[in-house]
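What TrEMBL annotates here:
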- 149: active site, proton donor/acceptor (ACT_SITE)
- 11, 387: Mg(2+) binding site (BINDING)
- 18, 209, 210, 211, 212, 213, 283, 284, 285: ATP binding site (BINDING)
- 93: substrate binding site (BINDING)
- 181: site 'Transition state stabilizer' (SITE)
- 242: site 'Transition state stabilizer' (SITE)
């Protein structure tokens, strides 16, 4: 067994490095969390928080020329010595595991090769994820574990994940729907089980992960049977800057009529569309403020956002044959925006969904909220997600299982 229960969670982006250090003793506690941003630029900085002390500092870090230097700066703040012997393991968020990596796993050479093979499926995310792993392997003398965003959706049936395009593209390139936000969904499923006092394998849920990146998932008997994102995180719901579902022929039209390149169209759909494309705002709070001031354009953007969510809600109610234990709202918008939750749920009494205006209050709550009426057939919950904590727990479970198997083998 590991001599320590401290787990460092790393989420390595193209020019950023998010981190969180957890003590997974009797009670799971986040000790430090932070962000190294602007890596490779003269404006790089570190935002670091001592969570128990509620102490936050921001440091300039102009010498963070790459992720490895950024990680070394983080370790100075965490006060770990050479080799970082106080850390039991490092858990890495990896966006795409393809079809082969569907469980949290200790990182080996073959695992790194599989992550590299999945780069065409997540060209913006997997390369920095992989670089973060390689940098951490050079610095830490402890096991490294990869936890995959796509893994939770590995239980989707072929009828849900296949695209109706030539089958050879699936066989040759793995073109299919994978889904994302998996660590969030798995954490929320677990927490919902606690709230409802019901085994997670018995739960039928519709979960709304509504943040800057937004998605939904249908859960049947604790397993994902459908989700809104696809091969990439672009399709599905309207997001802060991503378009969500569009007619694929729009791509060709933009190339023909506007002379845009593939890269320019991809940038438009991923970074210049969604709520930002419709009304110029990425933040739902600013959208609501503008609506209150009478902006029709912002109201249109909200209407499109809500309409898309309710379209998928209707589909998932059908997929679950109306047998739904709860709707679960989470992430930035889902946790904090009572007005948005109201718009999604209002008028659905005929489907057994009755939201209680008195319980549906603005602002985040660390404790789960139940915001349905007593007469509501389907419960409505608001639960704060914690992807980093879930990655930390899975990381410790993986290494403990590995040591137990090794001990039995010896």
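Heads up, residue numbers simply count up from 1 along the chain you see.
Just so you know, glycine gets a Cβ as well, placed from its N, Cα and C.
Checking each of the recorded positions (93, 181, 283, 285) against the residue listed as 'active site, proton donor/acceptor', the C-alpha distance stays within 10 Å for 93, 181.
Note: the CA-CA distance between residue 11 (Mg(2+) binding site) and residue 212 (ATP binding site) rounds to 17 Å. Taking every protein chain shown into account, 283, 387 are the binding-site residues, and of these the Cβ with the most other Cβ atoms within 10 Å belongs to 387.
The closest partner of residue 285 (ATP binding site) among the recorded positions, by CA position, is 242; the full candidate set was 93, 181, 242, 387.
Shown are the binding-site residues 210, 212; the one with the most C-beta atoms within 10 angstroms of its own C-beta is 210. All protein chains included, residue 181 (site 'Transition state stabilizer') registers 28 other Cβ atoms within 10 Å of its own Cβ. There are 14 other Cβ atoms within 10 Å of the Cβ belonging to residue 285 (ATP binding site).
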